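Summarising the annotation, Swiss-Prot assigns transmembrane segment to 12-32, 69-89, 94-114, 123-143, 146-166, 178-198, 213-233, 265-285, 291-311, 313-333, 344-364 and lists sequence analysis as the type of evidence.
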Amino acid sequence: MAGKKSSGKRSWPLLGLLVTVATIHLVICPYTKVEESFNLQATHDLLYHQLDIDKYDHHEFPGVVPRTFLGPLVIAAFSSPVVYVLSLLEVSKFYSQLIVRGVLGLGVISGLWTLQKEVRQQFGATVAVMFCWISATQFHLMFYCTRTLPNVLALAVVLPALTAWLQRRWALFVWLSAFVIIGFRAELAMLLGIALLLTLYQRRLTVARVLRHAIPAGLLCLGLTVAVDSYFWRYLVWPEGVVLWYNTVLNKSSNWGTSPLLWYFYSALPRGLGCSLLFIPLGAVDRRTYALALPSLGFVALYSLLPHKELRFIIYTFPVLNIMAARGCTYILNKKSWPYKVRAMLVTGHILVNVAYTATSLYVSHFNYPGGVAMQQLHELVPPQTDVLLHIDVAAAQTGVSRFLQVNDDWRYDKSEDVGAAAMLNYTHILMEAVPGHPALYRDTHRVLASIEGTTGISLNLMKLPPFDVNLQTKLVLLERLLRPA
């Protein structure tokens, strides 16, 4: 008993590592992209408008398909005490955005930590330690864990579901699986379904017992999402059912681009897992890892059949594959036939390579949110007592602008699209894309208050450290009206 307590105490710094790394990512890249918009705006509206649903953003900008409010409701509930205190202290709403994202990040890290505990039980302390170090040094897992993407909200539920599966707590596994599949991401039926089929094949669970939990879980979760989301959307809807029909049956997701069949395997997984990918085959020396590999790789293989692909779509597999990589690291560390320095150098070196890749990616990503930077500059450059009517164009709205950044209650912020040239002159300020020719249209009526740069990529430069340059160009311009329209 004393040994277990001592081991638990020694593991707490690893939790601190995960939280610290996630916080660094959050602070360096505090703004968001359009993919995160619905959940972020919905959480804002739940916090600040509460039952005044007419003021909610999704009524004006509903998006291509409806999304569920289940995730924003949970995030808002946990964020509300801190946000309330910040509002009493009259602190900028921008910091509420950080709190909201931080709460989501803690939810994901809590799932990682619970999974780590089970890894410690089944594979030993060394594998658990390596799992934490690998997870903390991978860019995409830490970068995305605070981002209000539907996939990340689902990840916060998938992690405890997978932990329950490893613990053979079948009832909890089925209930969590039903909740995340029906409420958040229907494609997770492939990942969690393969895990369930594997369990049935191994005769650890009977079909009758599965149905005894799956039927009430499915009905209850479906009823919950339909009831909650129909209230907020004001019509009868099962959001994830609509998304499933749109993306899978109609294959409309292809409108946002397509990738080759094996893209997840040769591009997404290497970028997501970093140098740790090389240790996964070594982890396969332990037959216990086969049960981890089959659902994860099977999910990626099946999901590859859909033409539209993004790395975040398979982020659920990263922690599971990290367990295999951690087992591979442990295999090397325990290989007595090799000199200890060689073993330690291989394992430590791959962690350092991950850190270098993460630091580079995070630095470049910092320049990817010109819309958020523009909103910050607007509030710094324009006195708060000024009468401001700001128009925000699509490019700005997609690269960092959110309701949390609308910090002046006396100003008016407008994201209306297809506004005519004459009507644009009614705005005191215009935040627009720096497309050649567009700012020139306002040369006689506006002045450039600020130009905001964004990244166009990186280029190799061996003459400096770090050996690359971030290529920047003006992405947005902030215009201020000179004269009032006649």
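Count begins at 1; order follows the chain as displayed.
Glycine is treated like the rest: Cβ placed from N, Cα and C.
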Spell out yes or no: are there three or more C-beta pairs under 8 angstroms between the transmembrane segment (213-233) and the transmembrane segment (69-89), with each pair 6 or more apart in sequence?
-> yes
Taking contact to mean three or more C-beta pairs under 8 angstroms, with sequence separation of 6 or more, is the transmembrane segment (69-89) in contact with the transmembrane segment (146-166)?
-> yes
When counting Cβ pairs under 8 Å to the transmembrane segment (94-114), the leader among 12-32, 123-143, 146-166, 178-198 | 146-166
The transmembrane segment (12-32) and the transmembrane segment (146-166) contact flag, 3+ Cβ pairs under 8 angstroms = yes
Looking only at residues six or more beyond either end of the transmembrane segment (123-143), which have a C-beta under 8 A from one in the stretch?
-> 7, 11, 14-15, 17-18, 21-22, 25, 29, 112, 115-117, 271-274, 276, 286, 288, 311-312, 315, 318-319, 322-323, 325-327, 329-330, 333-334, 347, 351, 354-355, 357-358, 361-362, 365
Tertiary contacts of the transmembrane segment (178-198), defined by C-beta under 8 angstroms and 6+ residue spacing from its ends, are 68, 70-71, 150-151, 153-154, 157-158, 161-162, 165, 205, 210, 214, 217-218, 220-222, 224-225, 240-241, 243-244, 248, 291, 294-296, 298-299, 302-303, 313, 316-317
